[in-house]
Amino acid sequence: MVNNQYDAAILGCGVLGLTIAQELTKKGLKVALVGKDLPEDIHSTGFASPWAGASFHSFATNSAEQRRDTHTFKEFERLSREIPELCQRRPYRYFKREKDVGEDPWWADLMFDYRHLKPSEIPAPFAQGVTFEAYTLNTPLYLQHLGNWLRSHNVPIIRERVSSLNEMYDLPSIGKVNLVINASGLGARSLIGVEDSLVHPAKGQTILVEAPDVKTTYGIEGKHPIPNQSVYIIPRPGPANHVILGGCYIKDDWSTNVSKDVAKQILKDCYELCPNLDNKKGKGTIEDIKIVSHNVGLRPAREGGLRCELEHRFIGDNENNDALLPAKGKGKGGKRKVGVVHAYGIGGAGYQSSLGIAKEVSGLVDQWLEGDGKGNRKAKL
């Protein structure tokens, strides 16, 4: 294989890796994707992306996070028009048990038709609620859509298990590259050369059901009486009439086993919130809910949130022999200067911030190509 035929190699084929690859490809750069799980592996518990809801409910707490979510929301508007079976605008209703209203969230002005519900619109036992319109995604189909788009634009998506960051700079399947995008998710905790101890799993459990009468996204805000439990109902776009019921958020739990107790609580909470889940206009029972599957995914969370930054590194002449050594800081002894853009640790906000993160990564790639990577560009911007 001819060396240096790609501008960058991307590690990780979850929603972030795929979206970053699409963003860079649209700019005219040549990239290749590598991962042990690929977009079509929608039943794999090896990565979180196939198991997401996914609704748009921002967790952003600072301006950078808000900027990413805002950009993604606006891009979803275009996607919903072009491919409605992947992304669809629909009503949302969120309820609270607490009486004090407080301030509206920062994203209230971003949503469509955001307003507080009237007392007559709020079911017991809730004290308040809001409604608006936003988007939901069919996440398994969206992953496959991104994979198909990339392959149609001649972007290789290669199944390969990578143990160290240094391996990425000279994989036999890709050839030599001087820039790597590290979108390895939970893998960043054990990836040699990164080994980020701040990365941890946040276990989520959901139930996929068939419910053609449910077209509204629901959620309950505030603390659940049971620790780690939460309540949300997310209708997915597409003809299958699938709805995601959730859920839980259990930090540092690496198990992918389904908890029977959590599943029972999810069904109980969601049916109380939306009786139409029974497919009998609310006149049936919880046993009438048509369950398609029970699901578990590990959100790739990180203390301090997303790591999105450009790091300059040095590697030796023989990347394979050097793979177990810490490349960073070898200084003058290094034979080759390379770069890595880290993009991992997004937790449960991967989809709703994905396009914004990809745009940010694109800017860091430009910074590399215009600086230390100058002269290495394989395609014109």
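The backbone N, Cα and C atoms fix where each Cβ goes, glycine too.
If you look up TrEMBL, you'll see Val162 marked as FAD binding site. For Tyr232, Arg299, Gly348, the entry in TrEMBL reads D-dopa binding site. Residues or ranges marked as domain 'FAD dependent oxidoreductase' in TrEMBL: 7-362.
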Cβ within 8 Å of the D-dopa site centroid (Tyr232, Arg299, Gly348 excluded): which residues?
Ala52, Gly53, Ala202, Gly204, Ser230, Gly246, Gly247, Tyr249, Gly347
Name the residues of the same chain, 6+ apart in sequence, whose Cβ is under 8 Å from the Cβ of Arg299 (D-dopa binding site)?
Ala48, Pro201, Ala202, Lys203, Gly204, Tyr249, Gly347, Gly348
Do me a favour and check the Cα-Cα span between Tyr232 (D-dopa binding site) and Val162 (FAD binding site); whole Å is fine.
36
Compile a sequence-ordered list of residues in the same chain as the residue listed as 'FAD binding site', six or more apart from it, whose Cβ lies below 8 A from its Cβ; state 'none' when nothing qualifies.
Leu11, Val34, Lys36, Met168, Leu171, Leu191
Please work out the number of neighbouring Cβ atoms within 10 Å of the Cβ of Gly348 (D-dopa binding site), leaving out its own Cβ.
20
Near Tyr232 (D-dopa binding site), how many other Cβ atoms are within 10 Å of its Cβ?
22
